[in-house]
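Written below as structure tokens is the structure these notes are about.
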């Protein structure tokens with residue numbers, strides 16, 4: 001029994017070293033694919049100082065880019081330019097919204113994706129009507145703002161609604 005465990009643990013240790021070694025090797029600059037190095041050439045000098053997770057994200061992004069067709073790349077460039085043109089404060093708000101979205105249960109995220117898809121398929125006039133109805137239902141202000149104001153007034157009813165809805 002002991003011999004079996006020793007043999008098994010030895011094999012596991014070898015496997016772990018091979019896997020770890022392969023990961024570390026794959027993230028060395030010289031071991032990157034030529035196409036990945038070409039995209040990441042501005043990072044070559046800083047590459048040794050980057051953490052393994054930073055390197056992994058960059059390589060993953062380069063490979064994703066290299067797998068895109070020209071139309072997908074054009075769209076990605078446009079989205080990046082749009083993002084870059086946003087004020088820093090707005091980008092931070094969007095990052096926080098995304099973090100909150102990622103915390104939601106899978107089913108709720110799926111419902112949001114479906115509703116967003118439906119919204120995109122609407123005509124511009126229909127979308128504007130939906131926006132207007134939403135503004136009217138919210139009094140033109142986000143729920144958090146209304147809840148803060150209610151709390152300041154001592155209005156427990158609206159404040160309690162906010163707590164229940166999240």
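Each residue, glycine too, has its Cβ placed from N, Cα and C.
No curator has checked TrEMBL annotations; they are predicted automatically.
These come from TrEMBL:
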type	residues	note
COMPBIAS	77-87	compositional bias 'Polar residues'
COMPBIAS	120-139	compositional bias 'Basic and acidic residues'
COMPBIAS	146-158	compositional bias 'Basic and acidic residues'
REGION	61-91	region 'Disordered'
REGION	115-166	region 'Disordered'
Secondary structure content, the region 'Disordered' (61-91) (per DSSP, counts of residues): 26 helix, 0 strand, 5 coil
DSSP helix/strand/coil residue counts for the compositional bias 'Basic and acidic residues' (120-139): 17 helix, 0 strand, 3 coil
